[in-house]
Amino acid sequence: MDEMQVVEFVATYLKKKGFSEAENALQAEIQRTKNNSSSSSSNNNNNAVDVLNDPELSKFFRSLSESEDSPTRYQDEYSKLRSWTYSSLDLYKHELLHVLYPVFIHCFMDLVAKKYIQEARTFFNTFREDHEMLHLRDLQKLEGVLSPSHLEEMEFAHSLRHNKVNIKICQYSYELLLQYLHKTQSTTMLGIINERINFQVSPGQPSTISDDAEVVSLIGSNQDAANQINQKEVRWGLLEDSIENRLEKMGGLLSDFEKAEGENKEADMDENKKRTAEGGKQGASVKKLKKEKATSATAKAARPEANVTPMAPRVKSELALPVMPIEVEQSILEDLRNRVQLSSVALPSVSFYTFINTHNSLNCASISHDGSLVAGGFSDSSLKIWDMAKLGQQTGNSVSQGENDTTPSEDVLGATGAKRSYTLFRGHSGPVYSATFNPLGDFILSSSADSTIRLWSTKLNSSLVCYKGHNYPVWDVQFSPVGHYFASASHDRTARIWSMDRIQPLRIMAGHLSDVDCLQWHANCNYIATGSSDKTVRMWDVQSGDCVRIFIGHRSMILSLAMSPDGRYMASGDEDGTIMMWDLSSGRCVTPLMGHTSCVWSLAFSGEGSLLASGSADCTVKLWDVTASTKVPKTEEKSGNPNRLRSLKTLPTKSTPVYSLQFSRRNLLFAAGVLSKS
């Protein structure tokens, strides 16, 4: 091998591995050498490096000349990289561990692409346990890749192969990694890391483990494209002619609040007089009185804090909104006037509805806005609705939902011979996965594995419309805040906008790489948010159907979403139990909320937006202080303190995973779940 052959080999290698800058520098050096060769040939011969006899270079080129397609190289080099990473200093280890997962999946896919199918399966099964905790769903998808054609046919694998992974890492961790790769001459690992990973190197100390949610961007997502989309303007304000806006102009909320305060003062004075008149326990009475005064002062100090929040801007609706009957409007105004003002020192009352004897067939639960109706969707394709007022009249004892529902074929009578405690709706031909009441409670929508959505009347107790459009199971359906319009999310990776009076969808939102699992309307009805198994949340413009935001940061599928009443923030909950609060205007995560130990199935903001409630499969409801998270001091913001959103209270159930949460207009929190025998 002469010198020119070596140079050409190196240039080809650099081009193949994507080292474009090094390749350009080499080509420029070759050109410069050719230009100077005639004038300084003798000097060059004396000073040239003997590439054939130099032992270090010979060793390097020998490693390059070995068959790069050898499958054992992938196994050996990855195994060594893994061992080195796990033996690194604890300070840098958790950053270096982020590199292993993308390297692992790309080693596997490279082996498949080179038709080493058996070796690829061996490699996959040997190291998959390292990544199952955080990436189980991804691994289950990749498990189905059995030939090179699958890499192109499977959209998830195709996306992984054509996009780089973004990893945040400190300068020292980055240098440690490069030193290891060069020292051990792990050319295969070096090539994969260079070609597949985009390092965002930052000076200073490594990130803390609590910040990990934002360190690694979703595998397969194009961060640059997401950043470009997030530059679009989002008009997150409230509707100009909303009832809340009219009430605010009238000053109804303020006057009633002052009125309530006045009534409380009068009650306090009466109570104080009674206490002073009582004898015997006067010392204890005075102590208690002081304590209550302190609590009252704390509450008063907390109240103005909510009022300092800047008023949300007003926007016009892009949809033709339905006309609301006057009596309904009056009823809603009355509810809003009597709304309880919640804060970190004034937590809501909770009414929990527990389903029992469901025989593991309950898939979803939904509660009407006033808590008077509770619906359950079942695996036997039925939808059942309980009227809370009538439920109490069935028997003298307290009857829980489903208590008399012991047989699937039960139509008129319960197990005890009494009239059944629910209304049965049949029409779907597959399990019912979601149900949602309209704001007035006179209609309910249900979605099913049969790929349809059905509209039911709670007054007539009958099916009105069957909406067809999705090709696969429909996981979620949600009415808009004004009713009439609704949105659906499906296994076919799309979300669709519908109106009650049309059987075809008005808009189709396509862009997610996997199932769309949940969705939520924005308060002004101009946007919807969708959560997906691809670990991203997207926000869509209802009028144009365009994606206007991509929120990246979750590490597992998104199961629940909630929008703040002022339309400024969004909360999302995932399969791992992590909740993230997002700023819609910037598309950035305000703070992650850590506390749940299992799937977060439901999220709900209180009426004034000061509290967030979360319901989880870990059988708890948690209440979070939203105001504390959105008012972050600049010093704290720079330090990146992850505990900005305060967990106010955890409400455990005996053994009931929480399926659904709903704040009433008066700020009573309703929750529903099914009793788990385990």
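Just so it is clear, glycine is given a Cβ too, placed from its N, Cα and C backbone atoms.
What TrEMBL records for 35-47 is compositional bias 'Low complexity'.
The compositional bias 'Basic and acidic residues' annotation in TrEMBL covers 260-278.
What TrEMBL lists as domain 'TFIID subunit TAF5 NTD2' is 69-197.
Taken from TrEMBL, the feature region 'Disordered' covers 32-51 (among others).
The feature region 'Disordered' is assigned by TrEMBL to 260-307 (among others).
This prediction places the mean pLDDT of the repeat 'WD' (355-388) at 91. TrEMBL lists 355-388 (among others) with the feature repeat 'WD'.
Taking Cβ pairs closer than 8 Å, the repeat 'WD' (425-457) reaches residues 328, 363-370, 372-373, 375-385, 463-468, 470-479, 481-484, 486, 488, 490, 498, 500 in its own chain, all 6 or more past its ends. According to TrEMBL, the repeat 'WD' annotation covers 425-457 (among others).
Across the repeat 'WD' (467-508), DSSP assigns 0 helix, 22 strand, 20 coil. Marked as repeat 'WD' by TrEMBL: 467-508 (among others).
Under the heading repeat 'WD', TrEMBL lists 509-550 (among others). Outside the repeat 'WD' (509-550) by six or more residues, the chain places 137, 155-156, 159, 218, 220-221, 225-226, 229-230, 232-239, 315, 317-319, 321, 475-476, 478-482, 485, 487-491, 493-497, 556-567, 570, 572, 574, 582, 584, 587 with a CB less than 8 A from a CB of the stretch.
The repeat 'WD' annotation in TrEMBL covers 551-592 (among others).
The repeat 'WD' annotation in TrEMBL covers 593-634 (among others). Residues 210, 305-306, 309, 336, 339, 341-344, 347-348, 350, 352, 559-566, 568-569, 571-581, 642, 644-663, 665-667, 669, 671, 673, 676 of the same chain lie 6+ residues outside the repeat 'WD' (593-634) yet bring a C-beta within less than 8 angstroms of a C-beta in it.
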